[in-house]
Every structure is written in structure tokens, then in C-alpha cells.
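Working notes for the structure below.
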Ligand code: SF4
């Protein structure tokens, strides 16, 4: 029986010719990632281990991004713990705030992940790198500790669901709308334990940033990973960002999929996920009158340069609604600088928004834009669980940067088309 | 290995943000985390829970963020076992890796209510609802995972290897 793309990558990293869904394997890791919330727990776990050192100082990435710049004393202590560990073990890829960014935007940008690799990260959105044709998945701190010490992790080989994308998305439809649509269709546990394998001619119509946003939210369907085939765009991206050697894996013709969905991108509309689950999706045109207090544009899902460009296009020459709070947080320092040079930041500020330093901040209800009881936000982030952005009685609506920017102007959930764009 | 205790029951898609909200993630001390466990979905849980109690939920328990603080908080709060229809995969690995026993069993998740007294036998995978006099066969762990749980987590397992 043939193997899926994911299965092929896992087999190669386990030193096996063949693997099957359900098989338990131990795979060699190309990169182990942690942040300021999960790494301190992992570091304490590692201290309990007999092995003292890390398996490879070049294959570990430590990115303080959740509560940075340090929100309070406790978070400062956590970052200090990570920093001291990084220096003690000579970790090559430790990023202090001046060179940092949100981990899942930063790692591809720094060229730390390329096609064909196996990556674990103590952060659920580690699945983002599937956009590059790598197998990457979120784990917990103990797995991270074991990974840092041994360079290995155990996996159950996943079965797969195939998403065949055809057609071309219309003007205001982005990768975010595609993935929200898919999660709405299959549910938040629709791909539980499985890999979501995206294929089809429609992929060429999705930019790398679109693909990152889609792979990023595979976890929101319960998936172990989401993965894209490697095409010309992927190769160009990797050449631009990385000097690492990459390996292209392709699914076998006779690979087995539990289900196949055909999705015509040209039929999709700007989409929004209502509280309190990412599966509560509907087209923006059916959202009704939902009054909004805050708009958040950024995160590891949609804080990349093309996201900011789209938002700026909608906001250009306009003012946000009176009483609206618009918070833009570019995902990395490089994106921040690029947005500044392109004049995008000026557009946000002139429209009445604020621009924050790269951080996870409001995305997880950490800091820099917390909601009070009864308040509502449209956010380009990936989760709208109860209390995710603040008070348990606040609400988060997930959408694309275009929809978020349009909503900031009208004060209610809107698409750019409502502005005549 | 056995667990026996009173059941705390929850629904579908209990996410790790409600198990332990991000605003408390500036601590990684199990005792601190235990004090806030389930706060956003069940404020009274921490006052009600007794050592050895059992948590039962429907599908996709532990979805969302990979924070290991979630199973750590549940374990430190005194819970001896979590039974659910299905678990989100990162939570599943994390629970095994820190030595919190969990069992998937859709029938048990349906046939057990809050307050029931339940016994779980990890070796056989059997779940006994003592209050209702019913029993269920849960999914037994593959041997490799049993070894991790018996070693009280992945770190000890690797150390002992
Ligand atoms: S931006 Fe949000 S989802 Fe992404 S890593 Fe940070 S907290 Fe997690």
C-alpha cells in the first residue's frame, strides 16, 4: 500500500522503508522548538534527566514571544530561565526581542525549517510549517525536553484526509477564509489524530502566506499536521530564506485517505467564525449586525507582510469607527520593518489604529489588548474559545485581515465589499 | 493500578484555555496551577475536587493550546484519571508523558454522570460505575504507553531505559 506525504517523511526519519497508519515509531528530529511559556517547564523536566546536554545546539529554537516584552515579574523570570538555558547550552537559535517574532512566523523567515523535515514544537501551532512541505506538529513540554535531550520523539503514524483544492479564490478571499471554511465543514475534531493533506491545481493560486495561515489552523480541526506539496513558490521561498538542503516528498499514487474533499476556491466567500469555536463559521454576508469593540490584526496566523498589505489596502485613506480599538501587531521584527518602509504602519496609525511590537499578546489573552466582560473583537488570530482574549464573557470572531480591517471601519462585522471595494 | 473516586463531568470540546487560562501561565508551579484549574468553565471545581476523583467528558477533551500546564493542573488538583469519548492529540500525549492516566471510552462517557462513584482498572481497561452498577471496556494502552505511565512519565522512562 502506498504512503501519504506525511507518512513518507515519517518513515524516512524513523529509518524505515514503509510505515502504516496507527504504527508507533520513533523519529529523528530536525528541529525542536519552545517558547517562554512551554520552554521553562521543559527545562525543568530536562534537569531531571540523566543526560545533561542538548542533542544538537543548532537544532533547537527558543523564542520568547508569548509574554514579551515581559508583561510582569513572573513572565520576566520565565524569559530569564529560557535565556540562561540558551546561553548555558550555546543554543544557536535563541531570539532576544530585537531579533524576534512570533515563533511560527519567525522560524520559516529565518530559514530554520525546510521541506521534508520533521519538527516538533511545544506550541500547538507548530503545524504551520506544513506549508513548506515539512512534517511539523505541536507537542507538550515533556516531549520538548525529551526532544532537546535525545533528538527523537515518538509518534503514532497518522491516517489522512485529502483536500483537493481547485479554482482561484476571488479578490477578498484568502487562505484564512479557505481554512475557516474547511473547519466549518469538518468541525473542530474533524481531523482528530489525522493529517490534513492539501493537494490540487488550486494551490498555485495560494501565496506562501496563505498556505502558512492554512497549515497554522490544521490544529483547529484537531489534526496532527497539515501539509502542502512543494511547488515552485515553495522552492523560491526556501531559496530566499534558507541555506538548508531540502527534500521533496510526494504522496504515492495509491496512498490511502480516509476521506477526500474537493473544494472549489472560486466559490468561497469571506468567512467569519463566531464564538466560541473555530467551527462556527458563516459567510460574512450572513453575519448580521454584530457590533465590535476591538479589531486585532496579527498573530502567527495572519501577521505576515501580505496580511498587513491587505489590511492597509482596506484602511488606506479611511478612518476607523469612533470608539473602535484597532490593534495591529506585525508577526516579526523583519515584517515590522518592511511594513514601516512600505508605509503600511503610517496607514494604520492615520486610520486611528495602534501598532504593537511583535508579540503573541492579545491572541492568547496575555496582554496588549485584553477584552472586558461583554466586549467583542474581530481578530485575525486562530482561536475564539471562551476567555481566549480576556474575560470569560467576552467574544472573539475569527476572520481574515481584509474582513478585520473592514470591520474596524464600519464598527461591525463587514467585508471590504461593504465599503464598495 | 486502579483509580476510584467521584466523577466531575464535562461536555464536548473542553479546551486547554478553560482547563487553565493563559492569564495564569506566567506560573509553572503545579500547586499554583491546580488552584485555577477549570476556573473559566466550572468555578466550584477546585473547591469540590477530592484526591483520587475522576474527570469524565465527551468528545475532543483538551483541544487547543499545547500547554502541558493543563494536564499538570488536573493531576495536581487531585484527579486520578480522565475518561473521555475522545481526546485532542496533544493533550493525549501530554497526559501520558506526565503520567496522568487517561482512557478513551465513548460508552463510559455517555453512561457516567456527575457525582457517580467510578472505579477504573488500568491494566484491563475496565471502567466500573459503582453508583449505577454498569461497566464499560475502555481502550487499553499499547504496551509502550503503559511503560511510560508506570514509570510516572516520559522522563523517568527515558532515564530508566
Ligand atoms: S500568536 Fe497566538 S496562536 Fe500564535 S503562537 Fe502566539 S499565542 Fe499561539
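First residue shown is number 1, and so on along the chain.
For all residues, glycine too, the Cβ spot is worked out from N, Cα and C.
Where the annotation comes from TrEMBL, it is an automatic prediction and has not been curated.
Per TrEMBL, the features are:
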- A:300, A:360, A:363: [4Fe-4S] cluster binding site (BINDING)
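Sequence features, as recorded in TrEMBL, placed on the structure.
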residue : record                        : CB count, 10 Å
A:300   : [4Fe-4S] cluster binding site : 28
A:360   : [4Fe-4S] cluster binding site : 29
A:363   : [4Fe-4S] cluster binding site : 29
Residues flanking the [4Fe-4S] cluster site, with Cβ no more than 8 Å from the Cβ centroid of A:300, A:360, A:363 and excluding those residues themselves: A:65, A:66, A:102, A:125, A:298, A:299, A:301, A:303, A:359, A:361, A:364, A:381
Secondary structure of residue A:360 ([4Fe-4S] cluster binding site) (DSSP, helix/strand/coil): coil
Per DSSP, three-state class assigned to residue A:300 ([4Fe-4S] cluster binding site): helix
